[in-house]
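Report on the structure given below.
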Amino acid sequence: MSATLSPARSTAPRPRATRLPGAARLAGVRAGVELRQFWRERDSVVFIFAYPVLMLAIFSTVFGSEEQGADGVSIDYAQYFLPGMIATGIMLTSFQTLAISIAMERDDGTLRRLRATPLPATSYFFGKVLLTLATLIPQTALLLVVAAVAFDVPMPSDPGRWFTFAWVFVLGTACGAVCGVGFSSLPRSGRSANAIVTPVVLVLQFVSGVFFAFFALPGWMQSVASVFPLKWIAQGMRSVFLPDDLVALEPSGSWQHVATAAVLAAWLLIGLVVGARTFRWRRRDDG
Amino acid sequence: MDLTTSDPATSTAIPPSPGSALPRPETDAVVRVRGLRKRYGPKHAVAGLDLDLHAGEIVAVLGPNGAGKTTTVEILEGFRSRDAGEVRVLGEDPATAGRAWRARIGVVAQDSRDQADLTVAECVRSTARYYPAPRDPDQVIDAVGLRPQERSRVRSLSGGQRRRLDVALGVVGGPELLFLDEPTTGFDPQARRDFWDLVLGLRRTGTTILLTTHDLAEAAHLADRVAVVRDGTVVATGAPETLGGPDARVPVVSWTADGEARSERTSTPTSLVARLTAAAGGGEITDLRVTRPSLEDVYLGLLRHPTDQLDHSTEDQS
């Protein structure tokens, strides 16, 4: 520690007018930092990428001989199950991962340290969004490849269906991300974050047509699930990957694209407002 | 390792002390706090606190736990709101100051354990990018002595190394004002010495430093001025050598006579010793000692008279 430091600003006169780095560039810097940290936490990397694939493999193998269906329409189990797994992957990576990681970063002082720098909050959040996309896109691609190759799930060839896939994916991810930011203020500590966030996602998975066929659930459960985004993301994904006649199995008798967009957009707005109002840079016990 | 400064003119641009020029407290003040108040429920954490920091000086804020030090510093850093009072930091109100203001301050907080999976170099380099005119990250890594750990993950650092990384992250943006919150807690003596040299090196570059500490030796070694905080107000302020005024610094002469320990407080210890020498007939005086109160003695003395000061602060509140 014997080295001397040169003065803060090396050019004279003091360039007070030096421009602050742009928010977009800093979002890129943050995304780089986030990705490095993400890749170094090996267990969570494995979990993020393997979980949806593993669940698809287990469920499709166990129930592989059964067809899903009622009222004269039916479908191979893996094909019915795939949209739910895509939806749950979106929810896990956007909502659950963000809610837990932000709660942990609040607890360990990352947020407090960033708050003391000129880094804009928007760059922090966009860094998170970029990390979410950087993990979610390969994760979903892997799931689709495994489904197509190992379980012979037919991929749609109609561009219209891929367009539906794109907007449900983007809107669902955005919705999950902002809700994750909002939810991150709820756990009192980083350690309790897992225990508070995980059950929420787990319950939603059971009632939203991810683990069980949505049409087979009791009506009241369907109604409860309809309040939350996961059911709509899963339904949107079913409209992409299931044949048209399967629409008969939807409780409403339609894919409800407009309602899907509306519900997801509403949650996006609620998440933004709640997130902006409740976001804290510091732990609660910090006062 | 000694790195030359790229432009020595800048280091002298900010005078180390106000000097003999005409007093211009308004422009010279890096921090100006008047009548600061903050309460948590019924508890007045800060109760009418005044504080000034001038450009280029190191001010140590001393005080027992719960005296309001941390709350005050966090208000100055813009982390906490205040209930009342005037606060100017680098000419702005921290409660409303924006990114450009945060680019001019550096914060080294207590108890950090973040960014564990990054390496030292990644941490310092990415943090430097948040600032408009940062220091050279490699130079900062050298200055805090973490070159050998450059590629180590942060989680593998020792406590002292971790603390030095905190300092590196606090200064890499090239702050004009640096907040150091109990920076050497848990350091071994050598690490503490090294750290002090680093802080004094920062002052030579013109950085103004607000230091909170429980370590009186640290305050005496580093600070140009100390401010003693008790019950949310500053009860004494001054240079470490003169804190508490002359009364608090009266030397004590102690000796043993007739097998009995004696001591006497006197502002003229030399003449007392001369008298004792004469009384002893020019022989040795047993156990003779002349002690001047240390900063710690003065500090503890300041905290020991709560009643006068409490009355004083009550007057302030009314």
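Cβ from N, Cα, C; glycine included.
Automatic, uncurated: that is what TrEMBL annotation is.
Annotated in TrEMBL:
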DOMAIN    A:43-282  domain 'ABC transmembrane type-2'
TRANSMEM  A:45-65  transmembrane segment
TRANSMEM  A:77-104  transmembrane segment
TRANSMEM  A:125-150  transmembrane segment
TRANSMEM  A:162-183  transmembrane segment
TRANSMEM  A:195-217  transmembrane segment
TRANSMEM  A:255-274  transmembrane segment
Selection from A:45-65, A:77-104, A:125-150, A:255-274, the stretch that has most Cβ pairs under 8 A to the transmembrane segment (A:195-217) = A:77-104
Remark   = Sequence-distant residues near the transmembrane segment (A:162-183) by C-beta distance (under 8 Å, 6 or more away from its ends) are 86-87, 90-91, 93-99, 102, 125, 128-129, 132-133, 136, 140, 156, 197, 200, 229, 232-233, 236-237, 239-240, 257, 260-261, 264-265, 267-268, 270-272, 274-275, 278-279
Query = Sequence-remote contacts (6 or more beyond its ends) of the transmembrane segment (A:255-274), Cβ cut-off under 8 Å?
reply = 164, 167-168, 171-172, 174-175, 177-179, 181-182, 226, 228-229, 232-233, 235-236, 238-239, 247
Request  = Quickly jot the same-chain residues contacting the transmembrane segment (A:77-104) by Cβ under 8 Å, restricted to those at least six beyond its ends, or write none.
outcome  = 44, 48, 51-52, 55-56, 59-60, 63-64, 66-68, 111, 128, 132, 135-136, 139-140, 143-144, 147, 151-154, 169, 172-177, 179-181, 183-187, 189-190, 193-194, 197-198, 201, 204-205, 208-211, 213, 229-230, 233-234, 236-238, 240-242, 246
Query = So which residues does the transmembrane segment (A:125-150) touch in its own chain, when a touch means Cβ under 8 Å and the partner is 6 or more beyond its ends?
reply = 23-24, 26-31, 33-35, 38, 48-49, 52-53, 56-57, 78, 82, 85-86, 89-90, 93-94, 97-98, 101-102, 169, 173-174, 177, 181
